[in-house]
């Protein structure tokens, strides 16, 4: 990763850059914001926690559909941190075209890496094989979503910077960026509530042959797992065979909580279907989360005193929280799979509040030593994601076995401790 890279794995994304690298000959000054590294490390820690402990403690795993649990805050937190880092790194842009090319290249790298890690090429810890049928590769995923949030936030910062700085008018200073955020939210809302979803069919290949299922919809504005327009758009554009094969809604009571490779035939037909929580429509509001993170980064850069930063962050966070809870109250549910506007606002507010607390503890009260593990994880977050969260390290270790592939240390740990 390049210096000052604001993505996962950034080693310098926590520095307030007061001069661009093009003017390194002049005197520069940097003030490290350690809490940003700690926040990024907290995101990685939470991701590992919910991935490996979610099956043991379902209360921290993803909500089956509406509502939020601990796991549902991880992705918005990552997108929030991306926005904050982009604002720090791109405080001054001297060459917009060159900066845009760098943003596009970094986005492509992250997107391609995400396809490799989550597209089906790797077969998980239960198999020592690899390879994926190109007709069934999953195009979207965690890193792909972060790449989308990054490119939107970065291009906003490069091409829609502050025109006239007014210290106490941060909203007006970046009115164009707020407009993009509102536009993305409006498009998301229009697609989610305005599109008509007809009845649809899909087939599932089984050992005994293919089975065709039919889902009855013929509705508009439905936000359920079967007939929402987000899933319809993904099926048309990405293809139903390129979506996530184990959607979280299989943990709903209608599907008997059977989030496995096979689903009982007695379950509703849509329980057998694929669905991508990182799909096209939900990526609109996910990108808006990174734009919100941009505004927190602007406050960090423009206010040099702790009181001013904390005050403005708190006001923004409480405002987002109030609007998000109001939308949930009037009928727009908190839904991670659809990334509803209420969910976007509430989780962004939670990200802002968490950032305030970490900034207070680490950068003001000096609790850096107590947070050194999270700080280290934040500085190496991409490597940790690849090795641990994507099971690369586990697959590598499992590749060494005694006489038979089943005799490996990973399988021994699973059978001896996990399955008990």
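Using N, Cα and C of the backbone, Cβ positions are placed for all residues, glycine too.
Note that the structure is predicted; figures quoted are calculated from it, not measured.
Taken from TrEMBL, the feature transmembrane segment covers 38-61 (among others).
Summarising the annotation, TrEMBL assigns transmembrane segment to 73-89 (among others).
If you look up TrEMBL, you'll see 110-130 (among others) marked as transmembrane segment.
The annotation transmembrane segment is assigned in TrEMBL to 142-162 (among others). When Cβ-Cβ distances below 8 Å are used as the criterion, the transmembrane segment (142-162) is approached by residues 6-8, 75, 78-79, 82-83, 86-87, 90, 93, 96, 99-100, 103-104, 106-108, 110-111, 113-115, 117-118, 173-174, 176-177, 180, 184, 278, 283, 286-287, 289-291, 293-294, 298, 385 of the same chain, each at least six residues removed from its ends.
TrEMBL lists 174-196 (among others) with the feature transmembrane segment.
Tertiary proximity for the transmembrane segment (310-330) is limited to same-chain residues at least six positions away from its ends with a CB under 8 Å from its CB atoms, namely 170, 292, 295-296, 299, 303, 340-346, 348-350, 352-353, 355-356, 359-360. Here TrEMBL flags 310-330 (among others) as transmembrane segment.
Per TrEMBL, the feature transmembrane segment maps to 342-362 (among others). Tertiary neighbourhood of the transmembrane segment (342-362): same-chain residues 33-36, 38-39, 42, 68, 72-73, 76-77, 80-81, 84, 185, 285-286, 288-289, 292-293, 296, 306, 309-310, 313-314, 316-321, 323-325, 327-328, 332-336, 368, 371, selected by CB-CB distance under 8 Å and a gap of 6+ residues from either end.
For 382-402 (among others), the entry in TrEMBL reads transmembrane segment.
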Q: Report, as numbers and ranges, every residue of the chain located at least six residues beyond the transmembrane segment (174-196) whose Cβ falls under 8 Å of a Cβ in that stretch; write 'none' if there are none.
A: 152, 156-157, 160, 162, 218-221, 223, 228-230, 232-233, 281-282, 284-285, 287-288, 291-292, 294-295, 298, 338-341, 344
